[in-house]
Amino acid sequence: MVSPDLIRNMVGIVGNIISFGLFLSPVPTFYRIIKNKDVQDFKADPYLATLLNCMLWVFYGLPIVHPNSILVVTINGIGLIIEAVYLTIFFLFSDKKNKKKMGVVLATEALFMAAVVLGVLLGAHTHQRRSLIVGILCAIFGTIMYSSPLTIMSQVVKTKSVEYMPLLLSVVSFLNGLCWTSYALIRLDIFITIPNGLGVLFALMQLILYAIYYRTTPKKQDKNLELPTVAPVAKDTSIVTPVSKDDDVVDGGNASHVTINITIEP
């Protein structure tokens with residue numbers, strides 16, 4: 001009979017692969033930002049929340065806090081690096097208002113993590129106690145991470161457009177939450193179960209919204225506009241063009257037409 005630990009590890013490896021795909025799913029969004037040199041209506045909220053979430057889970061999975069959690073550490077360590085790259089790009093192409101907001105949030109997150117690490121290592125002296133404290137924080141901020149797309153979901157409902165809610169991100173979020181919820185239920189870990197269970201719910205809501213508003217999303221206009229065809233003008237040609245009698249005065253009186261003589265040198 002296959003042991004639960006083996007099954008759990010296998011599910012965890014699959015979860016690592018799916019989570020890696022989740023971390024990479026915004027790449028088209030950031031390619032678009034770099035190409036346009038503008039963040040447009042994209043929000044930094046999900047990436048700021050994910051950054052803090054990754055930092056907390058890396059700390060949670062360390063041997064000094066929660067032993068035998070290497071799968072938690074590996075994927076969140078990778079995610080931490082990827083999110084840092086995303087936020088750097090977002091910062092570079094944001095306006096001053098967004099840059100200031102991001103700076104405040106990032107500084108707050110750094111101070112918060114420093115306080116958590118020092119508080120746990122100096123104030124809690126057993127793995128059980130450290131796991132409890134950090135696990136509660138992970139559950140809280142993991143829930144915030146998964147709920148951060150709610151701001152984008154509200155925008156979808158308001159604009160009836162899914163342009164700024166990538167389908168790939170929603171699909172991978174659903175699969176990721178489903179996998180890690182299963183992982184946590186094999187050997188019950190309530191701190192992993194809560195945020196990922198909610199992640200499944202929120203991702204499902206996004207997929208439903210996508211199905212509802214996909215057809216009402218405005219199509220992008222073709223930037224390659226066709227210019228009107230201009231017939232060649234012959235040498236010494238006179239062109240008669242209508243003129244609004246209320247707008248133009250010719251020789252002190254109103255004129256309905258103006259004759260323009262064009263001479264083309266050979």
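Counting starts with 1 at the first residue shown.
Any Cβ shown, glycine's included, is placed from N, Cα and C.
With respect to the membrane, Swiss-Prot annotates Arg32 and Gln128 as residing on opposing sides. For the transmembrane segment (132-152), the partner stretch with the highest count of Cβ pairs under 8 angstroms, out of 10-30, 70-90, 102-122, 166-186, 190-210, is 190-210. Break the topological domain 'Extracellular' (123-131) down by DSSP state and the numbers are 6 helix, 0 strand, 3 coil. With pairs at least 6 apart in sequence, the transmembrane segment (10-30) and the transmembrane segment (102-122) have fewer than 3 Cβ pairs within the 8 Å limit; the two do not touch. Residues 40-43, 205-206, 209-210, 213-214, 216-218 of the same chain lie 6 or more positions beyond the ends of the topological domain 'Cytoplasmic' (153-165) yet place their CB under 8 Å from a CB of it. If one looks beyond the topological domain 'Extracellular' (123-131) by at least 6 residues along the same chain, the residues whose Cβ comes under 8 Å of a Cβ in the stretch are 60, 64-67, 191. Remote same-chain residues near the transmembrane segment (46-66) are listed as 26, 72-73, 76-77, 79-80, 83-84, 86-87, 90, 102, 105-106, 109, 112-113, 116-117, 120-121, 127, 130-131, 134-135, 137-138, 141-142, 144-145, 148-149, 152, 191 (criterion: CB distance under 8 Å, separation of at least six residues from the stretch ends).
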